[in-house]
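> Let me give you the structure first, and then I'll get to my questions.
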Amino acid sequence: MADDKKQLLIVTGMSGAGKTVVAHDLEDMGYFVVDNLPPTLLGSFWDYNSNDFHKVAVVIDLRVKTFYTDLLDEVNSLEDNGNVQATILFLDASDDVLVARYKETRRLPPLANNGKGRLLDGIQEERRILMPIKNRSNYIINTSNLSTKDLKQKLINTFSDRKRQPFSIEVMSFGFKYGMPIDADIVMDVRFLPNPFYIPELRPFTGLDKRVFDYVMNKKETQVFYQKLLDLLETAIPGYIKEGKEKLTIAIGCTGGQHRSVSIAQQLARDLSKKYPVDITHREVSRYIRK
């Protein structure tokens, strides 16, 4: 979507096709979202609010049978304003999928004749009324076979000005006695490994010191554990990426966050950086730097 014009995205379509889900996704993408705006108020809303937000999305659904003429009139009027790019996104789904969704939620479509008519009749009448809007739409997304994750990615690919952020990893060392990091996705406890704390000449230093690092990493039990950890992560990380994860935080903890966790985190960051962007944080190291 053009960057030199303010962006107005109009989200409409079949009831039950996912407008509420899309509204939440657009908010995550930085849009200011207004739900259930009557079509006749679209122009007035834009006049009063266009200067406050660069990206605006309005969700409009079927309320009256003049819906499509009102909406098209408002869109045509807005397009006469050279400072706005009005885009219509139409959400659709097959009749059988919509019927199944309505039965699951125990709700009725707007044109179901107050519950007296057949569910499918209401859906088909709504589809007929919305056809002019569908034909006028810039984008049509059929959600019949889309998971919520797939739908969000399709929205990002189509409407986000940042697209999808590249996947990255943060490796963090920490000390359990200072509390676990609350933002970690994976936490590994390495307190079972040999502890340099009990080696007097190593005690004052951290895992950033080569002597401490070599002591920890050259132990057989460390090498066995580390290889299994690396194998696990190399198996799991592609799955996180597939699920849409943009940043994965891996926390390695020992008692004080000074020796073992720092050493393991250093090696892990080094190995993972061969495939992925990696940042490393040693949460407790500043506690042990001699001043």
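FYI, residue positions are counted from 1 along the chain as it appears here.
Even glycines carry a Cβ here, placed using N, Cα and C.
According to Swiss-Prot, the ATP binding site annotation covers Gly13, Met14, Ser15, Gly16, Ala17, Gly18, Lys19, Thr20, on the basis of sequence analysis. Under the heading GTP binding site, Swiss-Prot lists Asp61, Leu62, Arg63, Val64, citing sequence analysis as support.
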> Around the C-beta of Met14 (ATP binding site), how many further C-beta atoms are within 10 angstroms, looking at every protein chain?
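If we count other Cβ atoms within 10 Å of Met14 (ATP binding site), we arrive at 25.
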> Using the alpha carbons only, what distance in Å do you get between Gly18 (ATP binding site) and Asp61 (GTP binding site) once rounded?
11
> Give me the Cα-Cα distance between Gly13 (ATP binding site) and Asp61 (GTP binding site), rounded to a whole Å.
7
> To test your reading of the ATP site: which residues beyond Gly13, Met14, Ser15, Gly16, Ala17, Gly18, Lys19, Thr20, same chain only, put their Cβ within 8 Å of the Cβ centroid of those residues?
Asp61, Leu91, Ala93, Thr143
> Reduced to three states, what secondary structure does DSSP give Thr20 (ATP binding site)?
helix
> These are the binding-site residues: Gly13, Gly16, Gly18. Which one scores highest on other Cβ atoms within 10 Å?
Gly13
> At the level of the C-alpha atoms, what whole-angstrom distance separates Lys19 (ATP binding site) and Asp61 (GTP binding site)?
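The Cα atom of Lys19 (ATP binding site) is 9 Å away from the Cα atom of Asp61 (GTP binding site).
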> Got a sec? Which of these binding-site residues, Ser15, Thr20, has the most Cβ atoms within 10 Å?
Ser15
